[in-house]
Amino acid sequence: SDLLQQNLINASFCAPVATIMEINVIQWLRKVLGYSTSDVHNIMEVGGIVTYGGTGSNSTAMLLARENKDGNTLELGVRNPRNYKVIVPKGIGHYSIASSLKWLGLGNNIIEVPTENYRYNLKKLREALINHSNEIMAVVAYAGDSRTMTIDNLSEVADLVKTLTPNVWLHCDACHGFSLAFSKKYKDRIKGIEKFDSISTDPHKVLGIPYCISVLLVKTPQSLNLIHSQSDLIMNENLALGQTTPFLGSKSWISLKLWLVAKHLGSEKIGAMVDKRIELTNYLQDLILKSSKLILLNRTDINSVMFMYIGDKHQEVSLSSVQNINNINKS
């Protein structure tokens, strides 16, 4: 793709065909994940951004959250960083959220909410939303965190956040878990993901695509107006992708990799691949449960298994001991 096309910031004279193909890929993912789709006549109707990785997608989501909180910060800067807090589940969050806040000039404004079985404790989440309601810019939930591959109770989290703090940006890091959207058998595990304002996806993690490609999707396409920019190099034309691609100058055609997979496999074959992975995961978990020297630490929702080896001298370790070890590791 780099050989074929070097820059997608403008459509008309840089990448007329590649731009349309990238838009088609984004619309395809929107449909798979339950977001609305429509004919695209300008860049603000696309509803997504192709980025360089999950960190790029999560950072862009936090930029959207910041501008949603106060739409003048791009021009006037951040006046009071304390009013831009982000809620995350304690101990399982991805580093990119905290890092992006620092890059955006917001400091270490993270509120960690306790978890139960690697998911939000909804009672504690409610308390945090009430206690910090005017200071929160975003709530982040995981559809497959990078440690345990656990999918949060997405629908319940979304309903709680939107009921108590309707203007707070709700972001789902689904870099791992979005693949379940292709599965007819396991799609219910990410039920409610379509309620989130933005979703990070990483095709290079789960679709057999070489690094790097990530796609950030937004529920309301027009919300990309919050981070719109142009210059003498980025044209004010209908389909200039550079208008909605922060943190990047020249933009390579990395979406071609995903387009080829979509064309070659299609949603049905990708779904079969996802189903097979989960079946293998379940098989491994069953083997671990039958072993006297291995302890399964959690029942995963996707395709990664956490377990611990126990030597002959320590086989009396109880489940409560495992929980204590987990608590120490998360502290």
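Cβ from N, Cα, C; glycine included.
Heads up, TrEMBL stuff is auto-annotated, nobody curated it.
Long-range C-beta contacts of Lys205 (N6-(pyridoxal phosphate)lysine), restricted to its own chain and to partners at least six residues apart, with a cutoff below 8 Å, comprise Gly54, Cys175, His176. The N6-(pyridoxal phosphate)lysine annotation in TrEMBL covers Lys205.
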Three-state secondary structure, Lys205 (N6-(pyridoxal phosphate)lysine) (per DSSP): helix
